[in-house]
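Here is the structure we will look at, set down as structure tokens.
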């Protein structure tokens, strides 16, 4: 929502600049230096800077013909193999990257792990059973996660919330079993889709 407001503010500022000096064809930032008078003051006074709390991310683009073998070896170091076992017992192997979230990874691969609260620790619909060899490699659950797990049906000693599992190289080969049922509260029969 903050990003949309920042974009709207930027568009409005650009429109105001165009009204100041429509003849000027130089960079909009230079138009302020060339134009004078009350019109400039009104345009600048009406502008509000976007929030500094706006979160951004940096993406890295790679070409498809990356032929450097050391890059391929480096990329392989960051691959984590995970197997989801769905409610019918079907095994779904997935290759993931270090740092991936188990809940979002399931959504990306069409696995029916609900996550109704979008990883905000407000439900237990992303409840999974972690394979015994990998459960001890996970960090201890926080108190909030334990509180949500207390509401999960069919709780076991190896139960965790998928939204709180971040993949590390030590978790390579981990198996995550989806419980037969989850508990979510629906209003008027509405069943939300995974996000």
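Heads up, the Cβ atoms here are built off N, Cα and C, so glycines get one too.
Annotation comment: Swiss-Prot describes 1-61 as transit peptide, evidence class sequence analysis.
Swiss-Prot lists 81-182 with the feature domain '2Fe-2S ferredoxin-type'. With DSSP states grouped into helix (H, G, I), strand (E, B) and coil, the domain '2Fe-2S ferredoxin-type' (81-182) comes out at 24 helix, 25 strand, 53 coil.
Under the heading [2Fe-2S] cluster binding site, Swiss-Prot lists 117, 123, 126, 163. Taking a C-beta cut-off of under 8 Å and a sequence gap of six or more, residue 117 ([2Fe-2S] cluster binding site) has these contacts in its own chain: 123, 125, 163.
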Neighbour-count leader, CB within 10 A, binding-site residues: 123, 126, 163: 126
For the [2Fe-2S] cluster site built from 117, 123, 126, 163, further residues of that chain with CB within 8 A of the site's CB center: 103, 114, 115, 116, 118, 119, 120, 121, 122, 124, 125, 148, 161, 162
